[in-house]
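Asker: Got a structure here, written out as structure tokens. Questions coming.
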Amino acid sequence: MSRVQLALNVDDLDASIVFYSKLFGVEPAKRKPGYANFSIDSPPLKLVLLENPGHGGTINHLGVQVDSSEQVHDEIARLTRAGMFTEEEIGTTCCFATQDKVWVTAPDAEKWEIYTVLADSETFGATPQPHGDNPDLPLDVPAPASCCTPQ
């Protein structure tokens with residue numbers, strides 16, 4: 001089943017998990033340091049929470065989760081035929097999962113990804129780095145934008 005994905009920046013991951021668990025009546029499908037996601041059946045939604053102090057309440061990125069790599073490649077072809085610039089990431093690790101994905105950018109700079117999850121991962125993705133504009137984030141937690149935006 002395909003799901004729309006909404007990835008939100010949150011100031012307090014624990015408080016956000018409590019809120020969204022109550023709102024949608026489900027517990028997170030995955031929880032890691034600085035990260036949680038929910039697979040919600042009704043409405044079909046993949047809700048991703050990225051701890052990003054000082055940026056809570058903003059959209060990190062949007063997406064559509066599909067069932068297979070074939071669907072990702074079909075979307076790459078369709079978007080290319082439509083004249084849209086795409087950024088492809090095949091076999092990348094992001095958000096504690098190995099994924100195939102394609103990114104496009106909307107006219108107002110919103111980032112959209114179409115992706116499939118190939119396998120779970122114990123790592124967030126990009127190499128953890130000091131957070132120049134977020135000094136309160138622990139160094140072992142990658143900055144949320146480090147893998148959740150086109151490379």
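Using N, Cα and C of the backbone, Cβ positions are placed for all residues, glycine too.
A quick note: this is a predicted structure, and the numbers were derived from the prediction, not measured.
The annotation domain 'VOC' is assigned in TrEMBL to 2-117. The annotation region 'Disordered' is assigned in TrEMBL to 126-151.
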Asker: Using DSSP, break the domain 'VOC' (2-117) down into helix, strand and coil residues and give each count.
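Answerer: Each residue of the domain 'VOC' (2-117) counted once, the result is 25 helix, 56 strand, 35 coil.
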Asker: Considering every residue in the domain 'VOC' (2-117), what is the mean pLDDT value?
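Answerer: A mean pLDDT of 93 is what the predicted model shows over the domain 'VOC' (2-117).
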